[in-house]
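Contents: one structure, followed by commentary.
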């Protein structure tokens, strides 16, 4: 009996193990299955076999135990409520004409008739086109380009006819450096200048739905390989880079020439060739030998005989000369009229209007000295008081005039007398006009005079 009981126990245990592996799990095993991640993804392909559409789903986690798991679609179907998927290794698919393609369908993962997870999906938004085929590359020697052509089965379909294609090409040695070109047609032109010469290239293409239908990229088409030829420039052709540099250089030189012609006289010539003074004067200054023993002295004592005053303006000199030339004749005429009219003054007394003050005479003499008039500097400077007025004119007035004339005549007989004594009246000599000399009557007849001879001796 003991042996028989042990045998039945072993058989029962084996049946439990076999039933668990075959899918007849108990309640505890079902709870463990519910804890797994059964997320999945699906895509649809329209008109894959005539008018039939296909729907393919797969779990996102490849390690999921798919034993006893099944897919079911419900809603947006024609004539039926739900359809079950068929399993092919790790994927689940269904191929039928009963997809309505309007609205959303409910796709669920079930185990033992119980739904584990569900998704609502619109089949028109998960369309995956078929991969392009017949990819080829043709080189056109005359145009120096490559024409890429391919074909797709969607050109003859009713639903998904508008596609966007992605053409990818790379140099064979650059494994991860793909260059992509997107286009809606099935023809592409690659320029030879954009490719490396004598290089092997790999090219492939894929498609994605556009406009109404949305979805995923198709699988890549089989790769196509082509080689670029060597660049042989014909004798008449020129490198584009060299041509560009030549044109830029030509325009730059032309611009510089135009600017030089326009700005030559105003800007460039004064800097490059500055204007020089008259060549005759320049050569005279350069070639003329300096004179020797020049009578040039910077000794301050040489300038003691001639007082130097500052002249701030040329107008001051003109005013003084005009004053001396215009004022004195008028005053002399008035003096004559007064004398002839029998005024109170003595006949031998000169009018006060004729008398020149020492300050004005000094100023005029200094101006003439500055102008280089030696005769003006040599003129005697007379200073006296007017204490001897007209009351003493009858006694020593004529005598003073005669002494003055005698002293001037004895010191420098060559100079014309600046005054003429007519009837005891002192007047200006017309010859000496422009060189007025101050005369005044003074009580002291022993005044010092500076004559031309003493001036030359000092020099």
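For all residues, glycine too, the Cβ spot is worked out from N, Cα and C.
Annotated features, as they stand in Swiss-Prot:
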- 131-231: domain 'Fibronectin type-III' (DOMAIN)
- 49: N-linked glycosylation site (CARBOHYD)
- 65: N-linked glycosylation site (CARBOHYD)
- 182: N-linked glycosylation site (CARBOHYD)
- 217-221: motif 'WSXWS motif' (MOTIF)
- 1-20: signal peptide (SIGNAL)
- 21-240: topological domain 'Extracellular' (TOPO_DOM)
- 262-459: topological domain 'Cytoplasmic' (TOPO_DOM)
- 241-261: transmembrane segment (TRANSMEM)
Residue 49 (N-linked glycosylation site) in three-state DSSP notation: strand
Secondary structure at residue 182 (N-linked glycosylation site), reduced by DSSP to three states: strand
Cβ neighbour count within 10 Å of residue 49 (N-linked glycosylation site): 10
Alpha-carbon spacing, residue 65 (N-linked glycosylation site) to residue 49 (N-linked glycosylation site), which is rounded to whole Å: 31
Alpha-carbon spacing, residue 182 (N-linked glycosylation site) to residue 49 (N-linked glycosylation site), which is rounded to whole Å: 28
Helix, strand and coil residues within the motif 'WSXWS motif' (217-221) as assigned by DSSP: 0 helix, 0 strand, 5 coil
Confidence summary (mean pLDDT) of the topological domain 'Extracellular' (21-240): 88
Secondary-structure category, per DSSP, in which residue 65 (N-linked glycosylation site) falls: coil
